Amino acid sequence: MDDPSLLLMLSSLLHLHTYLDPTSSCNPPSSSVAASSAAAPLLFFAIASVLSYASSTLRQRRSRRRRRRCSSSPSPPPPPPPPRSVASPSAGFFFLSSDRVLSLEPSARDARFRSLYGVSHPIFETLLKNLRHLDASAAFPSSLPLDRAFSVALARLSRGLSSRSLARSLSLPPALVSRCTHALTRLLSTRLYPRYVTLPANPDHLLSTLQSFKDITALPNLAAAIASSPVRLRLRQPPHPHPSHPNSAPDPGTDLLRSASRPFPSILLQAVADHRKVFWDACVRAPGSSDPASHLRDSSLYRLLLDNNGSSGALPLRDHIISVRGQHVRPYLVGDSSYPLLPFLLTPFSSSSSAATSSAPALEAFDSALAKGRAASVEAAIGLLKGRWKILRNLNVGLDHAAQTVVACVVLHNMCQFAKEPEDEGRYMWRDPPESPQPASLVESERSLHYMGESLRQALAEDLYDRQQKLGSGASLGCGLSANKQGWQCKRDSFFTVGIYLQIMPTYVMLNMWGRKEVRSPDLSLSPRELGPDRFQRDKSIGLLEETNAREKEQKEAARALKEIEAKAKKSYQND
């Protein structure tokens with residue numbers, strides 16, 4: 001009750017109550033006062049509640065002021081929260097300084113770079129050096145240094161993230177991430193593609209490739225394999241149509257990206273690769289609804305292989321021409337039945353082949369050899385390409401940048417193959433769903449080339465089957481075991497034994513004839529005096545000694561000749 005305002009309000013309320021209450025006054029109340037005395041208790045309680053609420057509010061405000069005065073002097077304010085780092089969610093993208101990189105072990109450093117950027121540290125530095133040599137700073141955004149912009153683009157290609165997801169993890173604008181990616185893919189697909197993706201120009205390189213494929217497939221002059229693979233696109237979904245227009249037509253451009261076997265939008269990648277899983281050519285010019293044969297005819301590789309006059313420059317795959325059953329065979333490619341049959345592109349025999357049924361084993365042997373060649377080269381290369389660069393599994397770029405992104409990943413793949421990067425199938429290999437190839441249609445301009453390809457394919461199939469039959473029949477003649485290593489080894493051992501026996505038989509006969517003669521060796525322990533004075537006896541003993549020495553010499557020469565015969569037989573056995 002220390003507040004004077006509160007005391008004043010209470011006293012005023014008491015005077016009002018004394019005035020209104022008739023029992024508190026000695027004088028009789030008037031008629032007006034009596035009329036209002038009935039409402040006096042209600043008015044009293046209303047005013048009392050208002051005053052109590054006002055007094056409690058005033059007390060709370062005064063207590064707050066006292067607390068502020070007491071806490072203004074001693075304790076310091078709490079420290080502000082630390083500022084958020086720009087690259088704190090994924091700091092590895094921006095720790096590219098030489099001191100931090102060189103402080104790591106080479107194996108740990110390469111593993112770290114592969115997990116972040118898909119390549120090891122030496123390849124990263126080589127790419128960065130090439131970009132600086134090409135003066136690529138103008139192509140990348142100026143708001144980021146070249147190494148950081150390059151690392152952002154590589155991270156998106158290797159991890160397959162969208163621009164929004166990667167920008168969220170790096171605290172960067174999504175538009176900046178997209179610009180970095182488009183700049184890198186444009187430089188790789190245009191400036192560095194001719195350097196790392198090309199047909200072999202060195203004859204020695206081509207010969208080594210032909211020999212490697214011959215070891216795999218037993219087919220001569222097989223140079224590379226060709227295949228087509230769809231690259232799935234993740235396009236932005238169009239907005240839902242307005243309810244008033246339920247039959248709004250979809251975008252007609254997206255229908256070209258789909259086919260009957262692939263309901264999702266995609267583009268086609270045509271690739272040629274050798275036994276090292278290195279791409280020789282890559283073409284991305286067809287939508288998903290196109291067929292591989294039409295895609296091949298629209299590519300520059302088709303025109304280059306058809307050119308016989310050298311009007312387009314050097315003529316590739318023409319340095320090593322052999323003859324097989326009267327057919328001139330140039331280095332050729334192999335593909336599945338979705339490609340046309342040409343002299344430089346051989347495909348498997350189809351079920352409707354015009355070849356005789358008697359040659360069915362030869363056709364099966366040829367088809368099996370072609371399947372081995374494709375699986376060991378281009379199919380494995382495409383699986384490794386999509387395994388390393390995860391953005392190709394679901395391409396999340398615009399349609400105008402899709403082709404250059406695929407070609408850029410091909411360039412990066414070849415750089416990894418040249419540097420002998422690891423090829424762990426469980427981690428880097430990607431398998432597309434299997435698709436049954438549709439047979440290619442024959443066009444009128446390729447009719448003569450098709451007939452040449454048929455005759456060449458038939459000659460190669462028959463030659464391959466004959467060689468396999470000779471190998472199998474030779475094994476069966478040896479020990480009755482066909483087409484296995486043990487039978488072939490037993491056959492060669494048998495021939496070797498018979499040859500040795502025939503060569504050494506005369507020597508053994510000669511030695512046996514010598515052994516049957518009775519040779520009496522003189523008693524050399526007797527002194528000349530004990531031999532007696534007869535000179536004839538001494539001369540006879542000396543003659544017997546000389547004869548014995550001569551025969552021993554002949555036996556040694558025969559044994560030496562026998563060893564030489566055995567050595568020659570072993571050498572011929574090894575050569576066989």
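Every residue gets a Cβ built from N, Cα and C, even glycine.
Curation plays no part in TrEMBL annotations; they are all automatic predictions.
Per TrEMBL, the feature compositional bias 'Basic residues' maps to 59-70 (among others).
TrEMBL lists 74-84 with the feature compositional bias 'Pro residues'.
Here TrEMBL flags 234-243 (among others) as compositional bias 'Basic residues'.
What TrEMBL records for 531-541 (among others) is compositional bias 'Basic and acidic residues'.
The compositional bias 'Basic and acidic residues' annotation in TrEMBL covers 548-558 (among others).
Annotation source TrEMBL lists domain 'DDE Tnp4' at 266-414.
What TrEMBL records for 58-85 (among others) is region 'Disordered'.
Look at TrEMBL and you will find 234-256 (among others) tagged as region 'Disordered'.
For 522-558 (among others), the entry in TrEMBL reads region 'Disordered'.
Note on the domain 'DDE Tnp4' (266-414): its mean pLDDT in the predicted model is 89. DSSP places the residues of the domain 'DDE Tnp4' (266-414) in helix, strand and coil in these numbers: 64 helix, 30 strand, 55 coil. For the compositional bias 'Basic and acidic residues' (548-558), the DSSP-based tally of helix, strand and coil residues reads 11 helix, 0 strand, 0 coil.
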